[in-house]
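**Student:** Questions regarding the structure given below will be posed in turn.
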Amino acid sequence: MAPPSIVRSALSVFFEYDTPRIVHIRSKKVGVINRFLQLAIISYVIGFAIIYKKGYQDFDDVNSAVTTKLKGVALTNLTDQGINGTRVWDVADYVIPPQENNAFFVMTNVIVTPGQQQDTCLESPSVPDGICSAEKPCVPDTPVINGNGVKTGACKPSPRNSSIEVCEIYAWCPVEKDDKPSKPVLLASQNFTVFIKNNIEFGKFGVKRRNLIGFDNDSELANCRFDANDKLNRFCPIFILSEIVESTGQDYYNLALSGGVIQILIQWNCNLDYSVEDCVPEYQFRRLDSNDYKLAKGFNFRYAEPYLEDGVKKRTLIKAYGIRFIVTVEGKAGKFNFVPLFLNIGSGLALLSIATIVCDIVVLYFLKARKFFKEKKYLDVKGADAYEMFDSMKQSAEYESTGQTKPK
């Protein structure tokens, strides 16, 4: 197309105006398609968007604060770990740290290395970098990779296995024991209880709630225990640890041996169109890690209890295995509001145009009488000042300038 023709086409489009035209088509096929699409759209808007998704409500997410308090006492005998006598473990011993944000840890198994002090001793033969020989000497002042101290340069037979030579190190001696007990030392922790106090707020609606529901006094609250199948105790905020673990489908004994991570999920899903008293929590429990892991299985860490003995700084090293409980609070509240209702109704009316578009496509491109319908659908109306008039005037002027007669 020549450039002048392109310009004229562009100008022609500029001087055009399209207006919708209503064409009443009487066709069984098109009528059925149109009504079916309209019915589907109306059903979606009313049934799904407004009723099921509560499109007539305004929503607000929950704001939450959680505090926990554990109770329970355990008695252990650690003679096999080189500790004389028995020991009583209370909350200050097995809950580490004492307070966490939305979480708490309970020690269930332990390896104790007592009487450590700064000295020289032999590295454990279980540490590969601590094994030495004539071909692999101990380089002085270098730390043992994944070991317990810094090499002194000496290489000596291991007291645990005389056929193996290990590096002498400067460290907290004796080095840490690495033999995990065959059964959980603190298995009695399964009877411990945790009191979870949860305060929530839906700020948009000015609603505050807590999970202490249905209890009239402190004595009644202290004696309750959570029971999902009991009408009153399903709101009791005091949980027995073994029942939490069993609710996840796990065995407490196996979990206590190596440790793990448990989630306590508190859900507040409230319909504030009803009474605020009906806004109550629901509890769910799940294990976040897996018992099937082959590497880095369970949960453990180390901490020390330092003390002085005859003026010498010493410590008891404790490798603690246990269960870390993570408390998660989720939820939202809804309340009737005209704004979201009208928005959903408006969106539904807009969606009804889809039925018209689909029917137009069927009529103009798929039906046998599509050419007939196109003639009825589109009407080309030329006004007295249409752009073609300018072309006609220009052509007449050219004939007059050349002296030619315009053909009729």
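Placed from the backbone N, Cα and C atoms, the Cβ positions cover glycine too.
Pulled these from TrEMBL:
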- LYS69, LEU70, LYS71, THR193, ASN300, PHE301, ARG302, LYS319: ATP binding site (BINDING)
- CYS121-CYS173: disulfide bond (DISULFID)
- CYS132-CYS155: disulfide bond (DISULFID)
- CYS138-CYS167: disulfide bond (DISULFID)
- CYS224-CYS236: disulfide bond (DISULFID)
- CYS270-CYS279: disulfide bond (DISULFID)
- ASN191: N-linked glycosylation site (CARBOHYD)
- 32-52: transmembrane segment (TRANSMEM)
- 341-367: transmembrane segment (TRANSMEM)
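Could you tell me the structural context for the features on the list?
**Tutor:** Over all protein chains present, the Cβ of LYS69 (ATP binding site) has 15 other Cβ atoms lying within 10 Å.
Within the same chain, residues at least 6 positions away in sequence whose Cβ sits under 8 Å from that of CYS138 (disulfide bond) are CYS132, LYS151, THR152, GLY153, ALA154, CYS155, CYS167, GLU168.
Sequence-distant neighbours of CYS279 (disulfide bond): residues of the same chain at least 6 apart with a C-beta under 8 Å from its C-beta are VAL207, ARG209, TRP268, CYS270, LEU272, ALA333.
Every protein chain shown contributes to the tally, and the Cβ of ASN191 (N-linked glycosylation site) ends up with 13 other Cβ atoms within 10 Å.
Sequence-distant contacts of the transmembrane segment (32-52), counting only residues of its own chain at least 6 positions beyond either end whose CB sits under 8 Å from a CB of the stretch, comprise 341, 344-345, 347-348, 351-352, 354-356, 358-359, 362.
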**Student:** For ARG302 (ATP binding site), write down the residues of its own chain that are at least 6 apart in sequence and whose Cβ falls under 8 Å from its Cβ; none is a fine answer.
**Tutor:** GLU176, LEU317, ILE318, LYS319, ALA320
**Student:** List the same-chain residues at least 6 positions away in sequence whose Cβ sits under 8 Å from the Cβ of CYS236 (disulfide bond), in sequence order, or say none.
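**Tutor:** Residues satisfying the criterion: PHE215, LEU221, CYS224, ARG225, PHE226, ASP227.
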**Student:** Just to verify a number: CA distance, ASN300 (ATP binding site) to CYS173 (disulfide bond), in angstrom, no decimals.
**Tutor:** 21
**Student:** Given the binding-site residues LYS69, LEU70, LYS71, which lie within 10 A of ASN191 (N-linked glycosylation site) by CA-CA distance?
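**Tutor:** Of everything listed, what lies within 10 Å of ASN191 (N-linked glycosylation site) (Cα to Cα) is LYS71.
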**Student:** So among the disulfide-bonded residues CYS132, CYS224, who's got the most Cβ atoms within 10 Å?
**Tutor:** CYS132
**Student:** State the Cα to Cα distance, in Å, between LYS71 (ATP binding site) and CYS173 (disulfide bond), rounded to an integer.
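**Tutor:** About 35 Å separate the Cα atoms of these two residues.
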